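Chemist: The structure under discussion is supplied below as structure tokens; questions concerning it will follow.
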């Protein structure tokens, strides 16, 4: 492990700099998904029959985890962060759009998580909001500036601390939910199930543009299969576990309209409230360690003139400003969350092209990649429902499905198919980036 801040940015990691074990990938994705975002999905799943809930949580997280694993497995071979690998496929100019989207997404989620973590902190400590947000951001700024190894070290610590706290919360939640089960009103609604599937999938899958940022330092000969499995199991296991706890909390509370903090305190009791707030606070930090580091790497993918250390410091400062604004105006935070969720639509067709280019062993050019991306996005438009994010648009297919948004799956599949077809039409030889 290096001493001092990481100097490398998006440059290729040389053999002499490689270090680490595949298990570190499991730990990182496990800890970073012990968060409030997974926990809050319990309100979305509430109301479905329990077998449906179990099937959705387990099956969908495995599918989303497989995407995360496939992206993470690219790291050791290329020795590059995810946005730099993307540049090899989409070309330098087009990739700047994806890097910008990733920069906006990471800085946005950093600020939203800071708001949530700070509000939890203020339930424990008596201090002004701006001071609590400053403490929250300062911790993450140190981790982000020190870089890759500091992020892995922080997540190792969080995997133990948060893991222990959620074990205790699991016991309390399951016990309370068991007592409430006789009164649970289940409705087998395919429309609600489709919405739940999209919500559960989108959370874990949205980590894909971060994935190789945290595996690129592993030795080049590291088994890609092991990395993919470790990332998939780490992310899927944590997400499924926390979503099950969140669902149990809402089953026990019997009211999905409650916010997550209120529902938890109502169920486990006031005596547990400090422990719950600490878990929420630390969960926000665990996710933000990745948000800030990947934000700094994305900044370099936009322009190599940005040094990673300074980009991390600037990201922390911007994130702090946005979090203070969000803390002052709750409506701003709600609007901003909607904007960020809307922004995530770029990920799935991008991931489809990335997977096809790398794993189907094709050598299509940037033109084929861009066309495939556009086709994937266009084909998914009728399946979109943007009203939850403040945009009054419901595609005809989504409307026929009662508002269920399946566009993520459509854009991913169409982008893969289009890329493979275009690659064959232009006559590129197989061989791939691998």
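Positions of Cβ are set from backbone N, Cα and C atoms, glycine also.
TrEMBL lists 26-46, 52-76, 97-122, 128-147, 159-181, 187-206, 227-251, 271-290, 310-332, 338-358, 370-391, 397-422 with the feature transmembrane segment.
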Chemist: Would you kindly check 52-76, 97-122, 227-251, 397-422 and say which stretch has the most C-beta pairs under 8 angstroms to the transmembrane segment (159-181)?
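Modeler: Out of the listed stretches, 227-251 contacts the transmembrane segment (159-181) most.
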Chemist: How about long-range neighbours of the transmembrane segment (227-251): same chain, 6 or more residues beyond its ends, C-beta under 8 Å?
Modeler: 22-23, 25-35, 38-43, 45-46, 53-54, 57-58, 61-62, 64-66, 68-73, 75-76, 166, 169-170, 173-174, 176-177, 180-181, 184, 200, 203-204, 207, 211, 215, 218, 258, 260, 263-264, 267-268
Chemist: Cβ pairs under 8 Å with the transmembrane segment (187-206): which stretch of 97-122, 271-290, 338-358, 370-391 has the most?
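Modeler: Answer is 338-358, with the largest number of Cβ pairs below 8 Å.
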Chemist: Quick one: do the transmembrane segment (338-358) and the transmembrane segment (271-290) reach 3+ CB pairs under 8 Å, ignoring pairs fewer than 6 apart in sequence?
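Modeler: Between the transmembrane segment (338-358) and the transmembrane segment (271-290), contact is absent.
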Chemist: Establish whether the number of Cβ pairs under 8 Å between the transmembrane segment (26-46) and the transmembrane segment (271-290) reaches at least three, counting only pairs separated by 6 or more residues.
Modeler: yes
Chemist: Where among 52-76, 271-290, 370-391, 397-422 do we find the most Cβ pairs under 8 Å to the transmembrane segment (97-122)?
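Modeler: Answer, by Cβ pair count: 271-290.
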Chemist: Which listed stretch (52-76, 128-147, 370-391, 397-422) has the most C-beta pairs under 8 A with the transmembrane segment (271-290)?
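Modeler: Ranking 52-76, 128-147, 370-391, 397-422 by Cβ pairs under 8 Å to the transmembrane segment (271-290) puts 128-147 first.
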Chemist: Report, as numbers and ranges, every residue of the chain located at least six residues beyond the transmembrane segment (128-147) whose Cβ falls under 8 Å of a Cβ in that stretch; write 'none' if there are none.
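Modeler: That would be 4-6, 8, 110, 114-115, 117-118, 121-122, 154, 281, 284-285, 288-289, 292-293, 295-296, 308-309, 312-313, 315-316, 319-320, 323-324, 327-328.
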